[in-house]
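Engineer: Have a look at this one before I ask anything.
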């Protein structure tokens, strides 16, 4: 019996649960809908806040962009004034030339020419290369000015191969050339000189050889001695032997054979010099044996008996 009562109670509870399930489900759905609605409203509010934040941040981005730097040399319009100061570019609209003139006079500047506006326009073509410099605001004004001066100087450069100075041109024209190139003295020595120069050089060489072809002491030819040396009469006046003795002892050596040979040569020359009529006008030069100095051995050999005879003669007289 108790078991049957318990089973009946369990069945009633199950029925009650089955009846209450749809109501709970409906109630749960309503709660979920309410939560979803709350979440949706929160998301909408966040989106509205984001849009408002974007709207607040957009105005600075929507501000008109800063005017591009324009050079004072390249005005956009006749009444537009552009100033460049410390890398900053300032553009002023509707500025008449009269106002600019008044400001310049107030600052103590000179009077602006009346045709300045007309003169600036042609410079636009010439100053196109300065746009990249003048449009940059990160470069100081001094740097911009120095770059402009550099570019102005670069325009004057001339890379053509030509002589620029008149002095250098004159020097180049005076210099000797060999196959179109400048030739120095060393290169010109191998080349033949002009006929006049050759004759002059030959004449001077012959005179030089005739003057200094023989030793003044012994008459030795220049070709018969290793080198001509300095003597009392100057350089290249003595042969090698005479010059060495003169340099070492300060005296000239005796050359009897050379004197005899020189006298014979002089005799032959005098015999050869005959007048056209066949009569010799020069006297015959005969070497005098007394003038020929004896050699050192002969002097030593002959002097001893002579001295003994001289010494013995007074002794004989005294006896």
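Note: Cβ is positioned from N, Cα and C throughout, glycine not excepted.
Relevant sequence annotations retrieved from Swiss-Prot are reproduced here:
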COMPBIAS  1-15  compositional bias 'Low complexity'
COMPBIAS  32-60  compositional bias 'Acidic residues'
DOMAIN    74-109  domain 'Tify'
DOMAIN    143-185  domain 'CCT'
REGION    1-74  region 'Disordered'
REGION    292-319  region 'Disordered'
ZN_FING   215-242  zinc finger
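Thinking about packing and proximity, how do these listed features fit into the structure?
Structural biologist: Taken together, the residues in the zinc finger (215-242) have a mean pLDDT of 89 on the 0 to 100 scale.
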Engineer: What are the DSSP helix, strand and coil residue counts for the domain 'Tify' (74-109)?
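Structural biologist: Final tally across the stretch: 10 helix, 10 strand, 16 coil.
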